């Protein structure tokens with residue numbers, strides 16, 4: 001979440017920046033939070049004054065008793081009892097006000113970086129670079145038909161077992177998922193990421209920490225008081241919650257291959273066929289915990305690491321910078337990698353790389369001690385490296401020649417050096 005003290009000191013600027021996000025007006029929410037923060041400070045001043053008086057009286061009582069001034073000691077004791085009651089009352093008022101501030105701030109997004117483009121929707125995103133359109137062969141067969149024809153995926157059994165937007169990888173399809181995950185993890189390890197095998201269920205505090213809750217609760221799968229992860233960004237970012245790191249530990253770089261779970265609320269009627277939008281999907285995630293001064297440089301290298309994956313599979317793609325109206329809730333700056341789908345004749349997102357600055361770190365209290373011994377918040381970054389189901393889908397469409405799937409060179413060792421699948 002945002003720093004309430006920064007909001008208070010820069011209210012007009014914060015309102016101006018935030019109101020560029022989806023053209024939404026956050027001014028009333030921000031003013032409410034500032035008003036409650038002023039009340040919080042007033043309560044603290046009163047409480048500290050009462051505690052100071054209580055401490056003074058406690059010392060005096062000991063002296064009065066020692067001097068056998070019992071009547072005065074009794075009066076002082078009575079005042080201490082009264083002070084305790086007032087302090088308890090103020091503590092409860094403080095708790096309520098703190099909850100009100102946190103509740104309001106939890107729905108307010110991060111401040112977008114000053115250099116990002118202004119826009120209203122994904123149509124206003126800016127293309128940064130792209131590779132040449134050079135698919136192996138041209139055709140117009142959708143990936144789900146290819147997957148079914150080759151026996152890689154059983155969509156009907158997925159629906160039978162779990163409902164819409166679920167699928168089953170079978171035989172070589174299952175092997176393909178494992179092969180790609182292995183390729184990606186090895187590549188990211190080469191780039192300095194530490195592999196983590198993390199839980200698929202996390203506590204509510206972890207989801208609050210990364211900003212999935214409370215705003216996106218309808219998109220989450222809940223298991224009792226816990227949640228299935230929508231991305232391994234959640235457990236990876238929370239690895240150092242409530243810790244103080246040293247500056248020489250930074251940057252920390254983590255990668256993880258997991259299943260991810262999303263309700264896809266609001267996606268009715270979109271991508272109902274195929275492997276693009278699933279309730280359970282496979283993804284390799286990249287997370288960085290960095291020094292604030294280096295986070296923008298680390299974002300650029302994060303994008304390069306994700307691009308490297310697409311280059312390994314020789315797939316046509318482009319990099320776009322998200323505009324102010326399309327950027328994610330926790331992000332200050334985001335690049336999307338979009339891969340080419342010949343059958344759809346358009347680019348589709350396969351990776352989103354974001355710098356969340358100190359927005360998540362403030363929630364989870366991940367800090368570091370700098371060279372001068374000062375305690376500061378880290379910056380957190382995350383990106384898909386990449387979404388495996390979408391990667392398989394685009395491989396199917398770009399490497400299908402109408403009769404067989406020509407294997408990308410990097411996959412051949414996993415399939416006994418075969419040239420194709422049919």
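Quick reminder: no glycine exception, Cβ is built from N, Cα and C everywhere.
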Just to be sure I read the record right: 231, 232, 233, 384 are listed as binding L-serine in Swiss-Prot. Which of 285, 321, 338 is listed for the same site?
285
Count, for each of the binding-site residues 232, 263, 351, 384, the other C-beta atoms lying within 10 angstroms of its own C-beta, and report the residue with the smallest count.
263
Where the record says 231, 232, 233, 285, 384 bind L-serine, what is the longest distance in Å from one Cα to another among those residues?
9
What binding-site residues in the list 231, 232, 384 lie within 10 angstroms of residue 351 (ATP binding site), counting C-alpha atoms?
384
Return one of helix, strand or coil for residue 233 (L-serine binding site), based on DSSP.
helix
Considering all pairs of residues in 262, 263, 264, 349, 350, 351, 352, annotated in the record as contacting ATP, what is the maximal C-alpha distance expressed in whole angstrom?
19
